[in-house]
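Below: one structure, written as structure tokens.
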């Protein structure tokens, strides 16, 4: 009976539906979303329905209970377009999810060529199958609606469309969407700034020079500025650009682009000089464009289509004309070739975009950037063409005039080539400066060419030939000159020809500058930017870029299957504490060499952080061979390391992640490998652990710890302890170093070294720095008020390389303004590790600290390979000797320690010995001239209250002789 009743109900519904003139649609498959999805493209998951009725019916997607409902939606707009969009979303998770539905008003991708879609409001309203209509979010360039999906909910949405087209619709996390918008803000600002400056500059040059080329070029610059101003919603700030008028503005700017490009081509190539009929054609074409601009007000779609076609035809016409004139050695056409090639490539890319062959989120801003680059190249070409004709025609100069002219050209050494006599003279004599024989650099040009590096000779000779042939131009070359013994110096030569009134070049005069040091610094900066300063291995950025490239290739090539090994040492911190950082660095170098011998040329080995390495394995793809490699890797690292009389054995936790298409990005692979490594540590360490999906719960705990740190800083739960620094002569406290400590409810007391990596990952390094500075300065102020007759200093240690930042300087300056301190009472410690990371930036950073009246201390002196260099290069006031130097268990170590103390004393540097373990060592240091000591055997790091009590009790520590 129940089955019969269901059949009757179904027949009844079908019969009734056939008589009701309502538009309906079938249920669609819901899109499942998770909390990890930052953005989802819903374009392919949406059904578009075109109807004549203002009422729309559809079936919802089956809910969690499997029931399918019918919903009916009434159009809310009086100007109903008859278009509806239906999509369904499911939240399979157990937490509430908030998302933004974003439909941009305009996208150039797939917008069309002859009848383009110039943008409009896309969505009038969105009605969900449960709850109320969605709230619209304010936005100038998109329709944005906010939705909330309850845990386990399946919701069908019906969108009333304002137009027949819905180019794109995305589902965004609110914060991710905000970040995506902000990520383009700087780019948009740069393009608008460059374009605006070019337009103003070219307009000013037109007023100053009065040349016809400048207004034509300025017109293109202004057209591009208005075009990208519309694209970036910048003109809205100055004009009443509404959704209704936006197509008109957009069509007008496209008409202006096409018109100004044609006018520039005609003006630059001086086509009116070739045949007067060309002038008539240009006038007719210009009038037609003026009419097209007026037509854009009434029919912007057709006007924009004609403008796009005209732009393409102008580009083709330019290729034909430039090719024709270049073959006839017309210099203007030749100079325009690079610019027109760029215009041609831009046209191809723009057509591929509007035709739908290129369809992504970056193509639109990329095309806008291409337009600005085109204007930039056009400007350079026009200015070079205009100003190159102003070369001086003064005839033969005296020797004195040559030197004055060259000196004004911003150089150190005068370079003079007498073309008629073919004789080069340099003053002062470069040969004596760099140990080269005089006749090699002074004399015929052939001698000079032979002294150049073989890779620079052909290029240099070609530049000279062009200048002599064209009788204009200038030399601006960087090259290498031999100084004997196979060594080369880098030089920069800037020179230009001097001509007689008949146009004949008599001399080429300029200046030559030695830029060898600049080149070395440049090469060092480039190397340091992509390599680890200690091991020379690729750094984290290079590793990540390569992994991302391999991930992309793996999706298209089944033979490429990258496997990632994350390697972390379990007992490395103990090695640093017991044997010193210098020994730790040596161990890292040995491990780096061992691992380098394991991999093939196509594999990548990188040092990601202090004691963490990673390998991208491409040479092996079979599971058995990967497993064999992993075993060999573990055995290689575990092999004992012999250093002097000690053997060191490393315990290693290794996380292994094999290729899987489910991991779409390098970030996913790195996160999974790190989770596998963490799991290996939790299993007791010294273990290889392949990744399994359930490890991702570890990542949640990791993220939670990051949030805990953030909260701890805000709630002042981070403790600042102070380790007293004693004067060995009388045993009194003279200062104290800040020690950062955090009591975690689950992990107990953590030193800053235990959680600084998480702080860096959470991007709150500067928040922690501000917390340390404020607390240290407040505590120091209290100490100075209580003990006004005594002088103390506080030393702040920089635990992270990211603190070497201008924001840290600003925080120091702000703290000093709020809390007046005695001069020299605040000291900043920086370790050799931090200096090695970025020597150039560190130098500028330390100079700024010194300018604030603070002292500087070099921490962990003696742990690196450039310690002595740092003492001379950087403005340090104090040196803190590492524990590895304090141990005096052998005669050689005593001699080394004595030498360092004497050297520091000669350099007027104060010395603090860290890690002194007994009175014997303290006594030896005092006898050798070391004045200060910092040691846990005297007192441990204590809170500020305990420190004040210690000072009040006139704490003296007496060393027994």
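Just so it is clear, glycine is given a Cβ too, placed from its N, Cα and C backbone atoms.
Noted in TrEMBL for the protein shown:
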type	residues	note
DOMAIN	475-527	domain 'PAC'
DOMAIN	560-693	domain 'GGDEF'
DOMAIN	702-955	domain 'EAL'
TRANSMEM	186-208	transmembrane segment
TRANSMEM	213-235	transmembrane segment
TRANSMEM	255-271	transmembrane segment
TRANSMEM	278-298	transmembrane segment
TRANSMEM	304-327	transmembrane segment
TRANSMEM	334-357	transmembrane segment
TRANSMEM	363-383	transmembrane segment
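Within the chain, the transmembrane segment (304-327) has long-range Cβ neighbours (under 8 A, six or more residues past its boundaries) at 112-116, 118, 247, 250-251, 254-255, 257-259, 261-262, 265, 269, 271, 289, 292, 296, 333-334, 336-337, 340, 343-344, 347, 351, 354. Applying DSSP to the domain 'GGDEF' (560-693) sorts its residues as follows: 60 helix, 35 strand, 39 coil.
With Cβ pairs under 8 Å as the measure, the transmembrane segment (213-235) is packed most heavily against 255-271, out of 255-271, 334-357, 363-383.
In the predicted model, residues of the domain 'GGDEF' (560-693) average a pLDDT of 85. Broken down with DSSP, the domain 'PAC' (475-527) shows 12 helix, 30 strand, 11 coil.
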